[in-house]
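Listed in TrEMBL:
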| type | residues | note |
| --- | --- | --- |
| DOMAIN | 15-221 | domain 'PNPLA' |
| MOTIF | 19-24 | motif 'GXGXXG' |
| MOTIF | 58-62 | motif 'GXSXG' |
| ACT_SITE | S60 | active site, nucleophile |
| ACT_SITE | D208 | active site, proton acceptor |
Amino acid sequence: MTDTTPVPDRPYRVLCIDGGGMRGIYTAALLDKLTNYYARLRNVEALDVGKGFDLIAGTSTGAILGCAAAIGRPMSSVVALYEEHGAAIFPHRIKDGILSPLWRAVVKGGRIVRAGDFALQAALRRELQNVTMKQVLDLRGISLSVPAVSMEKHRSWVFKKTPRSGVRDDNYQLADVCLASSAAPIYRSLAAVRDPDNGSDNFRVFADGGLWANNPVLVAMIDALSCAEPDQPIEIFSIGNVSRPAGSQIQPKEVHRGMLSWKLGAEIGPLAIDVQEFAYDQMARFFAGHISKLGRSVTHIRLPQQEASSTMLRYLSLDETRPEALKALIAHGYDDADMVKSLCDRPGHPEGRMIHRLFNEVPPMPKAGIPMEVFQ
């Protein structure tokens, strides 16, 4: 069993990954290229990016990336998951026109999202297999926090396993946790997840954690404050995905919007993501600053990203799976990795140097990788 007690002479490090549907392929590509850069600089074959963190928090698509990193999966395999299974997970894209979502919602109904649900379940089982939350902490020494929504209570829910979290979520499998956190209304099915401690016939139903914590940085900060040693600095590294240019130019005569103008609700999701990304980032910076003034060192760094080009705008839907879109998102992730690396190389850039120290200290990946037999 891995010793899960934090080491006081090093920072307590947190990886925090936003939700964003298929835009998660951008985040996976960014992490993949950045870890490859540092693997080459350190003359090792690959880095075990998950082991660089004491806690990983992720919502929706961010939960998939975070759980994959936690069990030692390379980010290249997550990129491949989106490329190979994205079109099956989102079989009918909600287009800009009205008739497409109207036909989908009224005529075809649940048949389409049901097919996508089966595809996502299969992809997650292949990538994450039957690994549980407790196994990740016991065998890898990595804590996990994954936001979702409990439909039976209409309350926030965080799938959590840390040294101080108790045993409630011990036996939930990562695949089920990711299914629950990514169950985006309209785009995907709700997630019926078997309660692992109450018999095979007992299920809990969840919706996407992005409804309340698409940027899970405050969830991560609370858990880090709970788990880190009192005198241990906390460093939170937060990663978003390609955001649409902020704001909408709306004329006064255009404010009277009905269901069709909101794409039967599908347009609300991207708006909520944009709002949460900004709001939670600002709150996290505020809290980190004030907590640090009280004598507890907390630093929050959100990896910088370039604004999406006009060409990219057509590819930013949560359910965008066209091959040309995925290629563009991957390329954008690679470009942003280059930008982050350039910041890391600047001696006078404090955030860049902190990111540099992080990746310089991420453990190398064993040559054989992390075999799934480790979790048996």
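Glycine residues also receive a Cβ, built from the backbone N, Cα and C atoms like all the rest.
Bear in mind that TrEMBL entries carry predicted annotations, made automatically and left uncurated.
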Key: Integer Cα-Cα distance in angstrom, S60 (active site, nucleophile) to D208 (active site, proton acceptor)   = 6
Message = Let me spell it out: take the motif 'GXGXXG' (19-24), skip the flanking residues so only those 6+ beyond its ends count, and list any with a Cβ under 8 Å from a Cβ in it.
response = 58-65, 78, 82, 86, 90, 181-182, 184, 187, 208-210, 214, 240-242, 273, 316-321, 325-326, 329
Message = I'd like the per-state residue tally for the motif 'GXGXXG' (19-24) from DSSP, helix first, then strand, then coil.
response = 4 helix, 0 strand, 2 coil
Query = What is the average pLDDT across the motif 'GXSXG' (58-62)?
reply = 97
Query = Looking only at Cβ atoms, how many others are within 10 Å of the one on D208 (active site, proton acceptor)?
reply = 28
Note = Taking DSSP helix as H, G and I and strand as E and B, the motif 'GXSXG' (58-62) has 2 helix, 1 strand, 2 coil
Inquiry  = For a quick check of packing: other C-beta atoms within 10 Å of the C-beta of S60 (active site, nucleophile), how many?
reply    = 32
